[in-house]
Amino acid sequence: MGRPSETERSLKANDREYNSQFKYANNYIRTSKYNILTFIPVNLFEQFLRIANFYFLILFIMQLIGPISSLNPVTTGLPLVFVLAVTATKDGVDDFQRHRSDSVVNNRETDILVEDERKTTRWQDVQVGDIIKMKNNEFVAADLLLLSSSEPHSLVYIETAELDGETNLKVRQALPETALLGEDQGRFKDFKAELKCEPPNNKLDRFEGTLTWEGDTFPLTNDQILLRGCRLRNTKWCYGIVIFAGRDTKLMQNSGKAKFKRTSIDRMVNKLVLAIFVILFVLCLICAIASSVWEANYGNAFQAYLPWEYDGPALIATLVFFSYIIVMNTLVPISLYVTIELIRMFQSLWISWDKAMYYAPKDTPAKARSTNLNEELGQIQYVFTDKTGTLTQNIMTFNKASIAGRKFGELKDENGEVIEITDQTPMVDFSKNPMYEPDFRFCDNSLLTAMEKGDRHCWMFFRLLALCHTVMPEIVEDKLEYQAQSPDEAALVSAARNFGFVFKSRTPTTITVEVQGEADKYELLHILDFNNVRKRMSVVVRQGHKIRLYCKGADNVIMARLGEGSEQLIDITNQHLQDFAGEGLRTLCLAMKDIDEDYYQAWKRKHHAAATSLDDREAKLDELYEEIETNMSLLGATAIEDKLQDGVPTAIENLHKANIKLWVLTGDKLETAINIGYSCKLLTDQMNEMFTIDASEQNLAEQQVKDCLEKIRDVMGIKDKEELRAAAGDGDDISYKSKDEDELNDVYSFAMVVTGAALAFALGNEEMEQIFLAAACYCKTVICCRVTPLQKAQVVDLVKRYKKAVTLSIGDGANDVSMIKTAHIGVGISGQEGMQAVLASDFSFAQFRFLERLLLVHGRWSYYRMCKFLSYFFYKNFAQTVGHFWFAFFCGFSAMTLYDEWYISAYNIFFTSLPVIAIGIFDQDVSDKKSIEYPELYKPGQKSLFFNYWVFSKSLLQGVLTSLVLFFITYGVLAGDLFPDGMPAHSQSLMGCIIATMVVVVVNLKIALDTAYWNIITHIVIWASVIMYLIFIFLFYSEPVYSAFQTIFTYVGVPVMMFRLPAFYFSLILVVTILLLPLMGKRAVQADVQPTLADKVRLEQRQERQELKKARKKSLQLRGFRSRGSVRDSVRSTTGLQRTGSKRPASSRSGYAFSHQEGFGEIIQKGVNMRNGNEAGQAAEGKNVRKASKDKRAPQATIEESPVV
């Protein structure tokens, strides 16, 4: 019996006897699945859970039953054993590696305190409540409460790469009370504290608990916790008490199975395999019924030399049914799933090896982190993207400011017109400031002048920027540098530094700022930390007898908390915010408040009570934060620029042409989102209408959505069935829509911008969800601003649930993880916000523009190849296997096989497998260059035109027709035919060999005809497959082999007879002509009379190659040739429809984005990130923020010569 689930964990330090009563998990971990005894049974059980493997197991057992088996069991057993062995070997190797890894981890050594002495023990022997000593560079053995360390303020520095993928150092700090323990083993022996905390969970950034020691109770948070998997850095030693061990640690709690994503083709293939089972059952049932009839009517006439072994036609028919299940088993392909995984593996390698998706400035290649979703990339209909760091660079620069109603950061000419800032514009000289940064650029000298004159408002503005943050200073090569958790904070603190307010150092209780060369020290009382709900942060500081609160945050949040009497300043600042937003800048508002001493002391007591509470601690603290952050005075606003990444507008424009709809889900202000939308061509002046849904009340928001939908339908002329029914007379047909929506989407283009508040109302009930989705799906672009991470995931889920469309989410930060996991495909961008998005993704790369190539090239190719592979895979199986069904009518339905049993086994493994695999890996209808140049080529995948139930049915029909032609032409040619020496030529073995030969030849020729891209490998596998077959029949049907294996290879001499027979050559030519010539003619006529876009693009490619060969010139001449030709014009005229509609002026508003993570304020107050209290304390949280060099978009690599890119 497993131990009951915990609701609260209670433990005592150094008391194993007390802790053992709770039966907490020990520190032994096991990630492996098998051991020596369980590997074979468990692995086989898992493999036989797959329906195809289980089917062939039953088939193999049936072949062991003599009365129903006409095939050697080896013919099924060998392929089955091969597939099982390959999979088992792969699983075994993987599990062996896990065993080795587990052994290494479990046998690591650490020091623990037992009674009054320290001893070294293995990790697996550590128990809850033990006190552990760790040294620099050691891994943390279990989840620990930090007690003391060698560093000032009892800090420790840890690396969390194994937890969240981030290599930057983070810091933790012990409670001041336990820090006094130092490393005195005698004091640790007497340390009899009791700890109560939350039960084991997978929340890496949350911890709630209390420590009771010597009658006092202390609150515990995540700041004192060291998690298993972290590594101690830059810390000589530290002590901690084990809270969670082994499987209860947060690392192991997060190592559960990831949600398995399956493609739409996967789901379809499973259904098709079941359909093939039904077809097999029907064919076998027909044969069984016919056998019963035949035995009843004609069986007695053959008993003289074929006596019945069983009495009665019914019993014989039953046995024949199972016999034909065995004979025609190859209708169900045992190798299908293995082959699909092989093809997907190579398709993933093409993505990872693509140099055109390699980002040199960061040495970051693209990576396919999942190998089973490649073809789904070719069917994307909706892309959901974050903005900051995904569309933009997430490298911030301080550009403008509004201070006490004055706007700074603009240059004007003598007429008062604003001058555009360029690289040649003279910048402000900050060299008088010895702490200035040479890279800092600001164009308006009036702000520096105001600072030098001691303007009170400007000084207060920059004083706030220097105090209200969680940035850490450090000295690197005698230079002061800042480490910030977000680029926004780094930019603001840097601006304060250059304007004379230099943030120099901090301790848990002080902040030191150098103002015009003089040190100014503040007592840090509280940091009211940022989170995604508050959208602001505050600090409470004391200087002398004055207590003051400084706050910065989103404009709507700050404005709602201002006191009365500053309405005029608010109006002016709001206008400035609109101006900043019109330029696409990210804005923050700044405010302050003086606090009375008595009020502060009362609030402080309530704060301590809330901080030590184990029930709803966060809610109680938020309520107190709300209480103190009121009646503030507005100081001004900042405007930070976050530039677009290179290539974003072009990529988005091409994705739109590919009929991919982009939804931007961002935390920015509405106006910023709109203007960024125009910058990256998500929004254009050619759009018919842009709808804004921004109501803050439910009824108004719902009405805005309904009005939007009504107007779109009115413009497009779309009527639903109710409207048609109301307008129709009696008996009128209303089973149609007024116009084709796909065609209308090419003519009309709309956009929708919706705020997070309005979105919350739209997602509130099912009816409004469907109305909102209907309106949004008519739009080419949807921008959701001011949304939370949860809302991002809800929007993605909304489209998945109702539209049944293939979705893709792309982002770069931890706040994007939820939508990345929710979408069918998640793409992570390795940017400025850590690796959480990448770790949660299926594909990753460094720049948004690579999404264009991922979808239009690799996604489209993968879908095209997989569809072609599946079509031919089913075709070739039916072409060979259905021949048994036709032969049944000529063998008395006796379950006699048409082919040699060894040929049946080798057909799918050697003679036809490699060509279809080559198609799945290498084939391409157009080059990568043309795939991007003509994004409309992507559209067939969105409609599943290359493989669907109709395409599958045609493949099966072609296979049945092929088997019919092969069988009856051969039968007709051999009937009454003679060898040159006069011997009859109508033996079963000869007929079977001829049909088998023609099957191999026809199937491989058909694949050759349909191969669009030839390379050396495709040549080898296609022609080698035919040659391999010929070698097989001449080798295994030879007299020496027959002499050695008389009961196994019985077709001795048949190939020689076949090639001596003129009818063989005649039938081979006739069959190839009948089966392939009409196909070639149909395609030629179709390409000439009704060409597809791909046909036209292929023609253009051929013309370009011919022109290159003739002229031996490159791209310049090639462009001239293309402009003269009519092919391109005809392509564009058939795929592009002229859009009409009123132009929309660019919005003048912009928005807010506060790229900040919660949790840093409390850490700082407890001394985290501070090695000592000198003027530039060492920082360890985050990497240095450095301005990355602007990258230039790499030219697209051409894969004309080889798909290995």
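Note: Cβ is positioned from N, Cα and C throughout, glycine not excepted.
Curation does not apply to TrEMBL; its annotations are automatic.
The domain 'P-type ATPase N-terminal' feature in TrEMBL is assigned to 12-76.
As annotated by TrEMBL, transmembrane segment applies to 71-89 (among others). Away from its own ends, the transmembrane segment (71-89) comes close to residues 40, 43-44, 47, 53, 56-57, 59-60, 63-64, 326-327, 329, 334-335, 338, 897, 901-902, 904-905, 908-909, 1048 of its chain (Cβ-Cβ under 8 Å, at least six residues beyond either end).
Look at TrEMBL and you will find 272-294 (among others) tagged as transmembrane segment. Here the transmembrane segment (272-294) has Cβ contacts under 8 Å with residues 51-52, 55, 313-314, 316-318, 320-322, 324-325, 328-329, 331-332, 336, 874, 882, 885, 888-889, 892-895, 952, 956 of the same chain, all six or more residues outside its ends.
Listed by sequence, the residues of this chain that lie at least six past the ends of the transmembrane segment (314-338) yet keep a Cβ under 8 A from its Cβ atoms are 50, 52-53, 55-56, 59, 62-63, 65, 67-71, 76, 79-80, 83, 86-87, 269, 273, 276-277, 279-280, 283-285, 287-289, 291-292, 295, 299, 308, 873-874, 877-878, 880-882, 884-885, 888, 893-895, 897, 904, 907-909, 913. Look at TrEMBL and you will find 314-338 (among others) tagged as transmembrane segment.
What TrEMBL lists as Mg(2+) binding site is ASP386, THR388, ASP812, ASP816.
Around ASP386 (Mg(2+) binding site), the same-chain residues six or more apart in sequence whose CB sits under 8 Å from its CB are VAL664, LEU665, THR666, LYS792, ILE810, GLY811, ASP812, GLY813, ASN815, ASP816, listed in sequence order. The active site, 4-aspartylphosphate intermediate annotation in TrEMBL covers ASP386.
Annotation comment: TrEMBL describes 838-1092 as domain 'P-type ATPase C-terminal'.
According to TrEMBL, the feature transmembrane segment maps to 873-896 (among others).
The list of residues near the transmembrane segment (902-922) in space but at least 6 beyond its ends in sequence, with Cβ under 8 angstroms from a Cβ of it, reads 71, 74-76, 78-79, 82, 330, 333-335, 339, 342-343, 346-347, 865-866, 868-869, 872-873, 876-877, 880, 996, 999-1000, 1003-1004, 1007-1008, 1010-1011, 1013, 1015, 1017-1018, 1021-1022, 1024-1026, 1028-1029, 1032-1033, 1036, 1048-1049, 1203. Marked as transmembrane segment by TrEMBL: 902-922 (among others).
If you look at the transmembrane segment (947-969), the same-chain residues 6 or more away from its ends with a CB under 8 A from one of its CBs are 265, 268, 272, 279, 866-867, 870-872, 874-883, 885-887, 898, 995, 998-999, 1002-1003, 1067, 1070-1071, 1074-1075. The transmembrane segment annotation in TrEMBL covers 947-969 (among others).
Sequence annotations record features per position, and here TrEMBL assigns transmembrane segment to 989-1009 (among others).
Sequence annotations record features per position, and here TrEMBL assigns transmembrane segment to 1016-1037 (among others).
If you look up TrEMBL, you'll see 1057-1077 (among others) marked as transmembrane segment.
Residues or ranges marked as compositional bias 'Polar residues' by TrEMBL: 1134-1150.
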Over the span of the domain 'P-type ATPase N-terminal' (12-76), count residues by DSSP class, listing helix, strand and coil in order. 34 helix, 1 strand, 30 coil
Given the transmembrane segment (873-896), its same-chain partners at Cβ distance under 8 Å and 6+ residues beyond its ends are 68, 70, 272, 276, 283, 286-288, 290-291, 294-295, 298-299, 302, 320, 323-324, 326-328, 330-331, 333, 336, 339, 907-908, 912, 916, 952, 955-956, 958-960, 962-964, 966-968, 971, 988, 995-996, 999, 1002-1003, 1006
Under 8 Å between C-beta atoms and at least six residues away from its ends: which parts of the chain pack against the transmembrane segment (1057-1077)? 961-962, 965-966, 969-970, 973-974, 977, 979-980, 985, 990, 993-994, 997-998, 1001-1002, 1005-1006, 1009
Around THR388 (Mg(2+) binding site), how many other C-beta atoms are within 10 angstroms of its C-beta? 30
